[in-house]
Amino acid sequence: MADYYEVLGVDRTASDDEIKKAYRRMSRKYHPDIAGPEFEDKFKEVNNAYEVLSDPDKRRMYDSGVDSNDPNASAGFGAGGFGGMGDMGDVFSTFFGGAFGGGSQGPTPRTQPGRDALASMTIDLKTAVFGGTEQVRITTFGLCPDCSGSGSADGSKPTTCPDCHGSGYRQKVVRTMLGQMMTSAPCERCEGHGDVISKPCPSCMGHGRVRVTRSVGVKVPAGIGDDSRIRLASQGEVGEGGGPAGDLYVDIRIRSNKQFTRDGDDLHCWVRVPMSWAVLGHDLEIDTFDGEKTVTVPAGCQPEDTVTLKGLGVTRMRAQGERGDLIAHIAVEIPTRLDDEERSLIERFAASHDGDATHVAQSSRPAAGGQSGKKGFFSKLKDALS
Ligand SMILES: [Zn+2]
Ligand SMILES: [Zn+2]
């Protein structure tokens with residue numbers, strides 16, 4: 001164990017002030033810049049001595065026989081902790097590097113993860129019913145095709161930054177209230193990367209990515225609702241230096257359909273039938289998303305009665321394979337122009353049903369304006385059709 005009191009030339013009872021003065025004297029005397037490089041070891045010894053004796057705790061431990069500069073010492077200051085004051089910068093950057101904006105030490109990788117991207121697309125109701133793959137065009141950062149993300153032209157490699165020698169940081173002396181301190185800041189020349197792209201790729205200016213417009217196939221699940229959002233992993237923005245792409249989010253809107261209105265998993269449509277079909281009953285074909293289907297209008301069908309076609313609605317999101325229903329609303333068309341023959345037929349019909357008509361008029365006909373005053377889904381449906 002080195003005798004630190006002897007190194008500094010003070011006796012064992014020296015005060016803190018005497019130790020400080022002795023250190024200043026000795027460090028000036030043995031500084032390699034003044035005394036010559038051969039005194040480097042001596043200078044380190046002086047620093048080691050001051051390191052221990054200027055700290056009351058370490059001095060106490062030293063006096064009791066434990067040298068905190070000794071790697072074998074059991075006091076926990078060992079290996080690497082205070083390996084000497086030879087390089088002030090190292091010590092201070094260990095202490096203050098983080099606090100003074102240096103952040104984590106070491107160069108910043110050129111390759112950074114890309115950000116998420118957002119797109120939107122409008123799909124047909126039929127796609128929502130059955131699901132399908134739709135293309136959406138997006139413009140975002142993609143991998144530079146000319147350098148495959150490396151940022152360097154002609155397959156050249158980045159070279160170690162001559163300013164920071166690859167560390168990505170440069171040490172600076174800052175003046176603070178406590179005196180001068182060493183701190184580290186990102187190297188300006190290499191922007192903290194530690195290396196320099198000497199021959200930047202002309203297409204991406206060394207960034208490894210370029211703006212590209214591309215088409216992305218979006219798998220739309222059957223039964224998707226309006227205003228849904230679909231996530232496509234790794235289809236977002238490619239990162240700096242060709243870093244891994246973020247995700248792509250696609251907002252889905254469903255285009256309104258002239259024929260069908262959706263209500264949850266059910267579809268609704270209007271079917272106009274002549275009065276005679278409503279009276280006598282009739283089968284008719286309608287176009288559905290599943291092709292032509294038969295709607296059986298029962299005899300005696302009333303205005304706004306419905307006919308349900310089971311399982312021709314929207315696929316259920318939570319039970320793929322199952323579907324809602326298609327509900328056909330019957331709109332009975334009352335003839336407005338009759339020829340003479342038709343008129344006499346209706347008159348004969350009316351004559352034989354006179355009593356019923358009176359009865360209906362008194363008891364079960366809706367109040368004036370009742371039909372058009374109906375609120376909710378049916379009126380919305382009508383609005384959509386008009
Ligand atoms: Zn490039
Ligand atoms: Zn640098």
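The backbone N, Cα and C atoms fix where each Cβ goes, glycine too.
Since we're looking at a predicted model, the values are computed, not measured.
As annotated in TrEMBL, region 'Disordered' covers the listed stretch 355-386 rather than the other ranges in 131-162, 355-386. If you count neighbouring Cβ atoms within 10 Å for each of the binding-site residues Cys144, Cys147, Cys201, Cys204, the highest count belongs to Cys147.
If one looks beyond the repeat 'CXXCXGXG motif' (161-168) by at least 6 residues along the same chain, the residues whose Cβ comes under 8 Å of a Cβ in the stretch are 105-108, 186-190, 192-196.
Here the repeat 'CXXCXGXG motif' (187-194) has long-range neighbours at 106-110, 158, 160-164, 166-170, meaning same-chain residues at least 6 beyond its ends whose C-beta is under 8 angstroms from one of its own. Residue counts for the repeat 'CXXCXGXG motif' (161-168) under DSSP, split into helix (H, G, I), strand (E, B) and coil, are 0 helix, 0 strand, 8 coil.
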